[in-house]
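*Asks:* Dropping a structure here in structure tokens format, bear with me for questions.
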Amino acid sequence: MEETAEKTPVEAYSTLKPKGLMKMKKTALVAFIAGAALLLFGGVGAFYLWKVTEKEAISAHLGRNIDIKIENDSDSAEGTIVEVQDFKAGITAVKFPGKEKCFIKSQARTELSEDEAGVKAEVASLVWITSEEPLKDSSFLSPEILRFCADLPIYWHHPANSRALRKRRSATRMRRQTSAGVNRQPARRRNSTASARDERPTGPEYNPENPYHQNQGSEGTMVFDPMLDHRGICCTECHRSYTHCERVCEPLGGYWPWPYNYHGCRPVCRLIMPCRWWAARVLGLV
């Protein structure tokens, strides 16, 4: 009897232990299934919401009343700018009042706050430049932008920094000044050459004893033998020297006639001076 009494609590404990483990396992399994289901539904819901917001963000008509002053407009100086923003493509379409055009510009970055915009405007202001020709291929634009612009010609709006504009103007000005300076240099050289020629001394006064000036006198008494000029000793009619060259060949001798009996031909040049220069040199005037 004692043995049975001692064994009874042990058996009862052993039967209770597996039941507790089974309950814990069932609870954990149910919690795991519920968590997986929640994660699945949460992922599906987030994906659906993301797709909906992406569709709604494209081509939202945003009309903003902005008080602006438009030149060459109607009697009223107030107008309304209407914009259509395509966030997916990063393009904004703009319509100005009184303008029969539709402008598109790229969204380089998100809009700045008022403080940042003020600082940005102080650092470097942007100037928008319109393209000269309208857009030819508009296939990349969204249907909302095409519907917004309708049949109006579409032009690109490009931002240009004021510093870049000043730099481009200065480069054009420098190029113009450089070309003008290059054109002025030949004229300046011609003027300086003419002034130097005018300032150059005209030479010594008339000297009747100088052979150079004797032919300029009324009598012209100095006469030279024409054979001096014929033999190449001096030039009777020249006022400046000149170089006279001739070909000198040495005869070979032998059977072959001229020009095969000559070899070693070389040019020999002489400086022919005016005969009046020689006469002036003899007289000691030169």
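Placement of Cβ uses the backbone N, Cα and C atoms for every residue, glycine included.
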*Asks:* Identify the disulfide partner of C245 as annotated in Swiss-Prot; candidates are C234, C235, C265, C269.
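*Replies:* Going by Swiss-Prot, C245 is disulfide-bonded to C269.
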*Asks:* According to Swiss-Prot, which candidate among C238, C249 shares a disulfide with C265?
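*Replies:* Answer per the record: C249.
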*Asks:* Can you tell me which of these residues Swiss-Prot lists as N-linked glycosylation site: N72, N191?
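*Replies:* Candidates were N72, N191; Swiss-Prot attaches N-linked glycosylation site to N191.
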*Asks:* I'd like to know which of the disulfide-bonded residues C234, C238, C249, C265 has the most other Cβ atoms within 10 Å of its Cβ.
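*Replies:* When each Cβ's neighbours within 10 Å are tallied, C234 leads.
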*Asks:* Could you state the whole-number distance in Å separating the C-alpha atoms of C245 (disulfide bond) and C238 (disulfide bond)?
*Replies:* 17
